[in-house]
Amino acid sequence: MMGRRNDTNVADFILTGLSDSEEVQMALFMLFLLIYLITMLGNVGMLLIIRLDLQLHTPMYFFLTHLSFIDLSYSTVVTPKTLANLLTSNYISFTGCFAQMFCFVFLGTAECYLLSSMAYDRYAAICSPLHYTVIMPKRLCLALITGPYVIGFMDSFVNVVSMSRLHFCDSNIIHHFFCDTSPILALSCTDTDNTEMLIFIIAGSTLMVSLITISASYVSILSTILKINSTSGKQKAFSTCVSHLLGVTIFYGTMIFTYLKPRKSYSLGRDQVAPVFYTIVIPMLNPLIYSLRNREVKNALIRVMQRRQDSR
């Protein structure tokens with residue numbers, strides 16, 4: 001199939017991937033497959049441990065189960081198709097491309113607001129520990145979980161509908177390894193200024209609102225920690241937040257680098273590195289970040305294993 005067409009709209013797209021070299025493609029295939037398997041194992045393991053251990057049935061771990069679910073889904077939307085493209089055909093249908101983009105934007109937006117909900121939960125746990133169960137009732141937890149999914153769906157719907165109205169009559173070659181907004185906008189043969197502005201406003205609002213919420217929560221948390229007299233108390237309070245803060249820093253750092261800039265500044269190569277982190281690497285890192293530094297998760301794993309041995 002040729003990269004140039006005379007149609008009013010293309011039937012499919014060609015994803016160029018990350019490299020033209022067969023040796024590099026095979027190395028990337030093995031690396032991404034390993035990362036994806038670790039992602040599956042880590043996130044499914046986190047879901048099972050929290051589900052099986054009653055002591056982890058708290059708001060904090062309720063949010064963490066949804067983070068694992070989103071990361072698992074997030075990675076599955078992109079990685080399997082990327083692996084297939086590295087080995088076989090790099091074609092993707094018009095419908096398949098926009099479906100992938102819809103799921104990607106939906107899950108990415110939901111994760112942004114979920115991280116905000118988790119920050120508020122940490123604020124309630126550290127700043128008002130005696131009233132934590134009153135501040136975080138089940139109804140509020142459900143609202144803080146439902147909100148990110150609803151907003152994510154609405155943002156993604158508006159995003160994809162606005163882009164689907166564009167015409168792609170010139171080239172069908174996407175210089176990326178998955179269907180992301182910037183490289184697809186670059187293919188349109190119609191004016192994209194209004195669509196770009198809409199997407200920029202949506203992405204900017206999502207990042208800014210969630211970041212402001214997270215920042216406000218952590219300013220209050222830091223203020224409370226500094227008032228704690230004992231060193232051990234400060235360390236314990238800080239340890240409950242450091243995992244979330246590390247995850248937030250990595251996730252938002254790559255997101256801001258990629259999306260809060262105009263499409264004309266999109267750079268082939270440079271702007272393909274950051275998406276590898278937030279679509280493939282971060283979903284693998286989150287279970288490690290939230291479990292390796294978390295004594296409660298480690299103890300829960302030991303209890304689950306002991307119960308399994310005792311039942312034999």
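Backbone N, Cα and C define each Cβ position, glycine as well.
Keep in mind that what you see is a predicted model, and the values were worked out from it rather than measured.
In Swiss-Prot, the annotation N-linked glycosylation site falls on Asn6, out of Asn6, Asn229. Going by the topological domain names that Swiss-Prot assigns, Pro80 and Phe177 belong to one and the same side of the membrane. Reduced to three states, the DSSP call for Cys97 (disulfide bond) is helix. With DSSP classes pooled into helix, strand and coil, the tally for the topological domain 'Cytoplasmic' (293-312) is 16 helix, 0 strand, 4 coil.
Across the range of the topological domain 'Extracellular' (161-197), the DSSP-based residue counts are 14 helix, 3 strand, 20 coil. The most crowded of the disulfide-bonded residues listed here (Cys97, Cys189) is Cys97, judged by how many other CB atoms sit within 10 Å of its own CB.
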